[in-house]
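Chemist: There's a structure below that I have some questions on.
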Amino acid sequence: MSGEMFGDEVDIKARLRAAEVMYKKFHRLISDVIKGRPPKLEIPKRTLSNTIFDPERGILVIGEEKLEREFLNVGESRRFMQTLLMASIIYQSLIENEYPTIRDLYYKGKHTIVYRDYSGRKREENTWDEQKESDSVIQDIEVYTGLFREDMLILSKEKGKVVGNMRIRSGGDVIDLSKLGHGAYAIEPTPDLIEFLDVDAEFVLVVEKDAVFQQLHRAGFWKKYKALLVTGSGQPDRATRRFVRRLHEELKLPVYIITDSDPYGWYIYSVYKVGSITLSYESERLATPKAKFLGVQMTDIFGYRGKKPYLSEAERKKFMIKATDKDIKRAKELLNYSWIGKNRRWNVEIRLFLKHLVKLEIEAIASKGLKFFAYQYIPEKIETGDWID
């Protein structure tokens, strides 16, 4: 290592482990060159066609298909170069005691290479043009090394929040999540480095929107019902998904999720539950297969087979929003996903949506009154088991 390492013991151990794994994985390329073999990388394909739903584990997993990136293959040489460049930057950050963000890595690696082609003409090539290109390279390194970017101490913007009767240790400090006033604890980008000390909660409630999270927080929902209240502020980041998984897996707390009643809200639930297609290689640690969809359900709005709707006809007219062509297309896509389309309850929900072609935001339920939302709608659905599994 270069220089004396700093940080708490947990960080130092993570740094040492990641640096060792990266060194061993990429040192193989040097061995190939020494032995006269063209260096190449074999990386699992991160595509929809190589994403499989494992019904036994209830999560999306990456398949066995791999792609080869060879240095001497003209079609693959640029991506090969990008992968080695990014790996070297990450490794250097590890041994230099740095905590780069994904944006930092983009800028550190972005430059123009000037060279001459076979005919002697001068050429210029950027290492990468946009951040989404460098982000994709980081994901390739994750699947190649088996390390996640959090393991490599790569930071990202904090997005998720949590509040509740729980104490944790982070960076050597003990934090009481019940004593943050009207604020909440921002879930750090390296949630595996958080130590759970003690908790007094009976379940986890994840709400899609930050505004709804704040309403429930100020209403004292988590105090009254002994809950840990979490939000991913829309599409959840990896840290929030991992934190929720840990709460369920390590503390054995049931997880309930509330999103808008539309195809995009349903997909957010799916991401928490089974994982995402783009990050299927991370589902084992990010997904929470037993997470339950509490609402807002289409059957909450229209009723179904004896279930009474929570909204009157007048309230439906007031709060319902007409579905867009994009919403309709997304709903049909969801039905094609086996983990949704083969689920009887989800078939009912989505076909009700396609029948009425309307959607509802969480705030519409809350508009009946915060007390109704916090003290009747949510607890009633939990008590009666009115969720989709």
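Every residue, even glycine, has its Cβ placed from backbone N, Cα and C.
As annotated in Swiss-Prot:
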ACT_SITE  TYR107  active site, O-(5'-phospho-DNA)-tyrosine intermediate
BINDING   GLU208, ASP260  Mg(2+) binding site
DOMAIN    13-161  domain 'Topo IIA-type catalytic'
Chemist: To see if you understand the setup: which same-chain residues, six or more apart in sequence, place their Cβ under 8 Å from that of ASP260 (Mg(2+) binding site)?
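Modeler: Result: GLU208, LYS209, VAL296, LYS359, LEU360, GLU361, ILE362.
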Chemist: Look up TYR107 (active site, O-(5'-phospho-DNA)-tyrosine intermediate) in the DSSP assignment and report helix, strand or coil.
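Modeler: Reduced to three states, the DSSP call for TYR107 (active site, O-(5'-phospho-DNA)-tyrosine intermediate) is helix.
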Chemist: Out of TYR107, GLU208, give me whichever of these recorded positions has the highest number of other Cβ atoms within 10 Å.
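Modeler: The residue with the most neighbouring Cβ atoms within 10 Å is GLU208.
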Chemist: Per DSSP, what is the residue count of the domain 'Topo IIA-type catalytic' (13-161) in each of helix, strand and coil?
Modeler: 70 helix, 31 strand, 48 coil
Chemist: On the 0 to 100 scale, where does the mean pLDDT of the domain 'Topo IIA-type catalytic' (13-161) fall?
Modeler: 88
Chemist: Work out the three-state DSSP category of ASP260 (Mg(2+) binding site).
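Modeler: Assignment for ASP260 (Mg(2+) binding site) reads coil.
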